[in-house]
Every structure is written in structure tokens, then in C-alpha cells.
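*Asks:* One structure coming up, written as C-alpha cells, with questions to follow.
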Amino acid sequence: MMLIRVLANLLILQLSYAQKSSELVIGGDECNINEHRSLVVLFNSSGALCGGTLINQEYVLTAAHCDMPNMQILLGVHSASVLNDDEQARDPEEKYFCLSSNNDTKWDKDIMLIRLNRPVNNSVHIAPLTLPSSPPRLGAICRIMGWGAITSPNETYPDASQCANINILRYSLCQAVYRGMPAQSRIVCAGILRGGKGSCKGDSGGPLICNAQLQGIVSAGGDPCAQPRVPVLYIRVFDYTDWIQSIIEGNRTVTCPP
């Protein structure tokens, strides 16, 4: 418990001095303390900050660009200043990346699977999230959450995790905003067309949850965040479920989808 308190104190510092290269939830509200049992926070003492999702007792899914030296992983956290009795701390044992020589890699290979150094115990505030059984539906209302900035471009960070609802949008809308996006990729385009809500700095690697399934991983967005008609790019988890399950089942040499 003392280790968790020390790590929580480091997290408070991260939320005060978070790097400006990650992503956050703008326009959200404080999450219900029981609605983000799968949400994890990744950070280190150098100022890196990301989210992630617990998908079983030993594995966390996040964005590849969230890789950092001396990574610490906290689970069961709601508030940086108020400790939950069931918070748990873990270190990464192994990290798996979806490497590719494809020129479009930056658009659809931003995924990292982390095996924890020891299994997590399910508790009141900790439980894994289900992987998707099908891709997200266009127009679906989905949930984002994290400890990312709540203002942009002058970032301020919350004490407690923030949640917001956004919509699955047409891929062509993101393609029109982000120059160089290919005609097709393993990206989910999501946000609010009028702006005002969205993932932002500090939320990278965190979940896009639709119908209680992990459909996306926060990858990239606009700057400033949550601008009208500037959606956020989420890695489409459904396309990687075979890769993820193969690694969990012990196949460490499995290749990513092309």
C-alpha cells in the first residue's frame, strides 16, 4: 500500500506537469467511480502520461506511442488525491508491438499489448473490459474516459478521471481533416461534429467503449482539442483481436494484420 501511495503522489505531479505530446477528455464530467474499472493509468517520473485498458488479469492494451522508460501502471484509480482501498500497482513484464514496413503504419499500427509482471485481482474498482465481437456501428454513441487535459490549448488536468459520450463518424471525415491518411486504414473516426467534447493530451492509449466493448484506442487528434469538425483517431481494436488473443494464448511470434 505504501508503494501505491508513492506512485499516486507521482501521478499527482504528472497531472500538474503532463507532457504536451499525449492526448485528454475535453468537455466531459467526472466519471462515476464504478464505471471505469478497466481504465488504467501509465506514467513515469519524467512526465509521460497515458491511459490504457485492462483486458484480462495479465494484459493491458494501449497505444504504441505510449511506450515509455520506467513505466508504472496503476489500476483502480479514480482520484489522484484520494486513494481507493483496492488500487493496485504493476510493472510491464513484456511489451508487444504491431510492427510493419507499410508506409501507412502511423495511421493504423499505434497499438501496444502489455503483459503485467503479475496478475491483477478483480475488485470493486478493477475488472477487465471485453474485446469487441464486431466493428463499431456508424453513428453509435460511445464512451471515452481518462485523466487527460480538460482545457486546451492551455492545458489543465483534473484530479479525477473524466468521461464523455461521443459518436462514431464516417472515416471520410477524418480523412478530410488529417492530410496523408490512406483511403482505408484500421482507424475509427469519432467525436462530436459541433466540437466541445473529445479526447486530448494525456488520454492517449485510453479506451473508446461502445456497448461495453473496447472498440478503440486513443491515437491522435487535433490541436487545440475538441474543435468543430475535427474528430479524434482511434485504433480499431476489432481488427487486432486475433493478434491479441494469439499472444495471450502463448504465440509470441504472431504477426499483425497487414
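Using the three backbone atoms N, Cα and C, a Cβ is placed for every residue, glycine included.
Sharing the features that Swiss-Prot gives for it:
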type: ACT_SITE; residues: His65; note: active site, charge relay system
type: ACT_SITE; residues: Asp110; note: active site, charge relay system
type: ACT_SITE; residues: Ser204; note: active site, charge relay system
type: DISULFID; residues: Cys31-Cys163; note: disulfide bond
type: DISULFID; residues: Cys50-Cys66; note: disulfide bond
type: DISULFID; residues: Cys98-Cys256; note: disulfide bond
type: DISULFID; residues: Cys142-Cys210; note: disulfide bond
type: DISULFID; residues: Cys174-Cys189; note: disulfide bond
type: DISULFID; residues: Cys200-Cys225; note: disulfide bond
type: CARBOHYD; residues: Asn103; note: N-linked glycosylation site
type: CARBOHYD; residues: Asn154; note: N-linked glycosylation site
type: CARBOHYD; residues: Asn251; note: N-linked glycosylation site
type: SIGNAL; residues: 1-18; note: signal peptide
*Asks:* Quick one: give me the count of other CB atoms within 10 A of the CB of Cys200 (disulfide bond).
*Replies:* 32
*Asks:* Between the disulfide-bonded residues Cys174, Cys200, Cys225, which lies closest to Cys50 (disulfide bond), Cα to Cα?
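*Replies:* That would be Cys200, the closest of Cys174, Cys200, Cys225 to Cys50 (disulfide bond).
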*Asks:* Hey, of the recorded positions listed (Asn154, Ser204, Asn251), which one tops the CB count within 10 A?
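*Replies:* When each Cβ's neighbours within 10 Å are tallied, Ser204 tops the list.
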*Asks:* If you count other CB atoms within 10 A of each CB, which of Cys31, Cys50, Cys66 wins among these disulfide-bonded residues?
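*Replies:* Neighbour-count leader: Cys50.
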*Asks:* Write down the Cα-Cα distance for His65 (active site, charge relay system) and Cys31 (disulfide bond), rounded and given in Å.
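*Replies:* Cα of Cys31 (disulfide bond) to Cα of His65 (active site, charge relay system) measures 25 Å after rounding.
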*Asks:* Quick check: in three-state DSSP terms, what is Cys163 (disulfide bond)?
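*Replies:* DSSP call for Cys163 (disulfide bond): strand.
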*Asks:* Using Cα coordinates, what distance in whole Å links Cys200 (disulfide bond) and Cys66 (disulfide bond)?
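*Replies:* Just about 14 Å between their Cα atoms.
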*Asks:* Given the disulfide-bonded residues Cys189, Cys210, which one is most crowded in terms of C-beta atoms within 10 angstroms?
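*Replies:* Output for this query is Cys189.
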